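Asker: Got a structure for you, questions after.
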Amino acid sequence: MSTSWRQRWQEGRIGFHLQHTHPALAKHWSDLAIAPDTKVLVPLCGKSLDMRWLAEAGHPVLGVELAPEAIEQFLTQSKVSVSRYTQAGFDISRQGSVELWCGDFFHLHIQEAAEIGAFYDRASLIALPPATRERYAFHLAQLIPPGAKGLLVSLAHPDHGAGPPYSVLGTEIHQLFTANFRVTLLEEGSPDERGRTESVWSLTRRGPLV
Ligand SMILES: C[S@@+](CC[C@H](N)C(=O)[O-])C[C@H]1O[C@@H](n2cnc3c(N)ncnc32)[C@H](O)[C@@H]1O
């Protein structure tokens, strides 16, 4: 799987990348009432400009991405200097308050995630095939402390077997996350010309007190 993503980045087949911040952030993030200094995990981050939006909102950001091409392209968008180091098997690039961890999200462990207090997923869950989505939901729950919140932007489309992006229905979001998160649908868009419908969810990690 990692080879095919690397190939996509090398060949510039990155139709998922948005040249603007995703509207769900401006619309819904503040409603989650996440303190500005809370570190936000962005799994499968690509070179998303949403990370700059989160950083400008005051959040330290920890993005995880397996394609070094994506990380280098993100870094060159800004003139801010970059420091690089290695930790826990990841090559990490830090630019301002954004840290980009180059490697497999499933290799990120709780010890490294200690400071994370929120997450943002746009087109991350839907990038993964069905069995890996289960693994993703479980892994995310391991990294997020009780009470922590996140925003999830998902996608459903008529071609259920095909992907990425895979079609993930609301029923599946509930099945995947309800065991460990309180799941709330914030918004469901209208189908676009290809019949694709985006939905926006807030997830709160359940725990002893939540
Ligand atoms: C559909 S893109 C979404 C990127 C970003 N969230 C956005 O909104 O533009 C999925 C990204 O996940 C990366 N990826 C796929 N599997 C991964 C894994 N196991 N660990 C880290 N990154 C992964 C791919 O290289 C790709 O950049």
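Each residue, glycine too, has its Cβ placed from N, Cα and C.
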Asker: Per TrEMBL, what member of ARG122, ARG135, ARG182 joins TRP9, LEU44, GLU65 in binding S-adenosyl-L-methionine at one site?
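Answerer: Answer per TrEMBL: ARG122.
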Asker: Given the S-adenosyl-L-methionine binding site residues TRP9, LEU44, GLU65, ARG122 in the record, what is the largest Cα to Cα distance, rounded to whole Å?
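Answerer: Per the listed residues, the maximum Cα distance equals 18 Å.
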Asker: If one looks at the chain holding ARG122 (S-adenosyl-L-methionine binding site), which residues at least 6 apart in sequence have a CB under 8 angstroms from its CB?
Answerer: HIS22, ALA24, SER48, ASP50, LEU151, LEU152, VAL153
